[in-house]
Amino acid sequence: MAGGKIQKKRHGAAGGAGGGTGRLQGGIPFEKSKGQHILRNPALVDSIVAKAGLKPTDTVLEIGPGTGNLTKRLLEAGVKAVVAVELDPRMVLELNRRFQGNPLSSRLKVIQGDVLKCDLPYFDICVANIPYQISSPLTFKLLSHRPIFRCAVIMFQREFAMRLVAQPGDSLYCRLSVNVQLLSRVSHLLKVGRNNFRPPPKVDSSVVRIEPRKPLPPVSFKEWDGLVRICFNRKNKTLGSLFKQKRVLELLEKNYKTMQSLQLTQDAEMGEKMSADDVALLANMVEDLSMETGDEKEDDEMEMDADMAGDGAASFKEKIMDILQQGDFAEKRGSKLSQVDFLYLLSLFNKAGIHFS
């Protein structure tokens with residue numbers, strides 16, 4: 001079940017796909033605040049199921065099944081099982097009523113609860129039409145799930161979906177794009193107009209396919225996101241300008257001194273790998289990842305010049321600028337850097353003993 005514009009306030013998952021008039025059987029109204037907009041075009045439901053590439057051995061996770069129209073198509077596709085997570089008890093009741101006495105019910109398990117708070121069971125594929133206000137936290141919760149699933153086919157608000165697939169240089173390319181694409185391959189499958197829903201939401205939608213990378217990249221995600229966060233603070237400023245900011249230099253110098261005092265070897269740090277727990281940290285830091293562009297923030301950060309800094313600070317600033325020059329990054333902008341560029345830049349900093357976590 002899809003729903004309006006992304007809000008910072010988090011709501012639980014409640015959704016569904018299929019026909020309807022805005023009310024359940026029995027006259028129970030759908031709640032727009034929970035993203036309860038019913039997909040009324042059965043051809044789109046069939047298309048979503050077809051693009052999931054389901055196998056008879058698959059266990060499918062469906063988030064926000066609503067009245068069960070997508071659920072029914074998934075079960076009819078002959079999968080091993082469908083596990084549906086639904087927050088709204090009214091929808092759970094309706095779902096159970098719909099499949100009561102149906103032979104398909106033996107392969108359906110309904111979990112009532114908030115998908116962001118409950119432990120997800122094993123699944124091979126996730127197919128979902130979600131409330132859009134949970135897009136960011138749900139995406140990263142799925143990417144941190146273990147064991148790694150094969151793919152997720154999810155309907156998002158169109159602008160959010162376009163950020164997921166944006167490439168370096170695109171206007172929508174942002175920290176969300178970089179982080180999701182580090183962890184997965186993302187592709188846009190189809191656009192869904194708002195008039196395909198009842199009641200129509202205020203935005204268009206898109207269906208996206210997310211395939212987690214196996215294995216995960218050999219990098220600490222805490223380090224990675226620390227670097228990317230700085231580069232996208234103002235994504236169209238040069239990295240040379242961003243890394244001259246007093247706040248950034250003070251943070252990196254503090255990390256540098258801490259690492260030196262702990263006498264952690266470079267080899268040990270470079271051997272750190274990304275783990276599920278590492279990725280799961282995003283569950284608590286996605287509020288600013290959903291619809292950012294990277295240029296909204298009007299900070300007044302001052303650049304640290306020689307008159308402001310002591311000998312030690314000036315020396316550290318020179319060290320940072322030397323690293324940027326070494327990789328020819330000083331005049332480049334975060335909005336134009338690829339995954340390979342960010343990985344290379346992070347390796348240059350780490351080799352010099354500079355860390356971001």
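Backbone N, Cα and C atoms are what each Cβ position is placed from, and that goes for glycine too.
So that you can see what the record holds, here are the features copied from TrEMBL:
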BINDING   HIS37, LEU39, GLY64, GLU86, ASP114, ASN129  S-adenosyl-L-methionine binding site
COMPBIAS  1-12  compositional bias 'Basic residues'
COMPBIAS  13-25  compositional bias 'Gly residues'
DOMAIN    44-214  domain 'Ribosomal RNA adenine methylase transferase N-terminal'
REGION    1-26  region 'Disordered'
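Comparing Cβ neighbour counts within 10 Å across the binding-site residues GLU86, ASN129, the minimum falls on GLU86. Other Cβ atoms within 10 Å of the Cβ of GLY64 (S-adenosyl-L-methionine binding site) number 30 in total over all chains.
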